Amino acid sequence: MADTKPHLNLAFIGHVDHGKSTLVGRMMYEMGAIDEHIIEQYRKEAAAKGKATFEFAWVMDSLKEERERGVTIDIAHQRFDTDKYYFTVVDCPGHRDFVKNMITGASQADAAVLVVAAPDGVMAQTKEHVFLARTLGVNQLIVAINKMDATEPPYDEKRYNEVKEEVGKLLRMVGYKIDEVPFIPVSAYNGDNVVKHSDRTKWYTGPTVLDALNALKEPQKPVNLPLRIPVQDVYSISGVGTVPVGRVETGVLKKGDKVIFEPAHVSGEVKSIEIHHQEIPEAYPGDNIGWNVRGIGKNDIRRGDVCGHVDNPPTVAKEFTAQIVVLQHPSAISAGYTPVFHCHTAQVACTITEIKAKLDPRTGSVKEQNPAFIKTGDAAIISVRPTKPMVIEKVKEIPQLGRFAIRDMGMTIAAGMCQNVTPR
């Protein structure tokens, strides 16, 4: 069975309309993950709406509303197999207001494909997504320079090199090692260099997207870290009881384990664990599971709670120290500012009580102690007090629960990681 292959979560990131969904659709289509008759149906539907070129992207779109608008909304979990891995696609939509989806999506990703349209080059969201991917700990990256069929002239090597240079500069700035990142000229729509090398880019001798995916390193599963499962949803299933759903970030969950949910502070015994509607005896990092806990009611826990073992419970912060980088803010950030922190599945308003130091974003060394304010482009060490209880861990101890994004005014203001926690 395919599941004996190692599993990777793959995010597709990049600016809106640069072709992320089309590339995913093309990939799934080429890898035989979609039936021919479904593609045919999509082709007809798209043509009827006057969106003939949307056929592959439609594979990713499951919501009626999205189709009418012609954009991808929710994070779609799709899967396809290569000869080496099986991938779950965490499709990260590109529209501005969907960045917070990306925050929850990208933090689940082992690797990302950055899609940049050759005619446009680097755009605002290209920068934002690269930045977030880096901050959220996505260390493996593949760059697909897409829409090569739309350059002047088509499949122009010069334009490819210009965009490659521009993207390379951006990646270096946030700390990716450029020599480890493959850059691939593609046309997702026509299939050039996605699975097979294209005759239209004879000047390119590097890997296809498929080659690059197979060359990714298998992530080490953090099984030895304490158990942490952020709750995404809670269901009440008749005959079973309360079933929280979430992704195991660290540790191992076994049937019969005594677990506690924080900050709800309720505990119970694990009766059963399910993955894709199949019961399993234990769950490992990366598994998206539903688990039933004896003695816990549907209203006892909610999204944003974190499940851990009773003898090593998740840390509830009274306050914490963090390192952040300000992505964008219309004015300046000073002590007393209370935006919303998105950490794992929790969204909690937190007050920045003190700006301890301003850092050089490239090196991390201190530029200024106790600055009065910080603004776009600055990196800083801050003290934070959540307005209500929330779980956050030191990034050095449990990185998966130590990273966060800060949002306000419908945009991502900053991204950061927790360095120290004062437990409640």
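Cβ atoms here come from the backbone N, Cα and C positions, even for glycine.
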- According to Swiss-Prot, which stretch among 91-94, 119-122, 383-386, 387-390 corresponds to the feature region 'G3'? 91-94
- Under Swiss-Prot, which of the candidate ranges 14-21, 62-69, 358-365 is annotated region 'G1'? 14-21
- Can you dig out which of the ranges 70-74, 325-329, 340-344, 415-419 Swiss-Prot describes as region 'G2'? 70-74
- Message: Labelled region 'G4' by Swiss-Prot, one stretch among 50-53, 126-129, 146-149. Can you tell me which?
- Response: 146-149
- Taking residues 6+ outside the region 'G4' (146-149), which of them lie with a CB under 8 Å of any CB in it? 18-19, 22-23, 115-119, 155-156, 160, 185-190, 192, 200-201
- Task: Would you mind splitting the region 'G1' (14-21) into helix, strand and coil residue counts from DSSP?
- Result: 2 helix, 0 strand, 6 coil
- Item | Pairwise Cα distance for G14 (GTP binding site)/S21 (Mg(2+) binding site) [Å, integer] | 11
- Mind giving me a neighbour count for G14 (GTP binding site)? Other Cβ atoms within 10 Å of its Cβ, every protein chain shown. 26
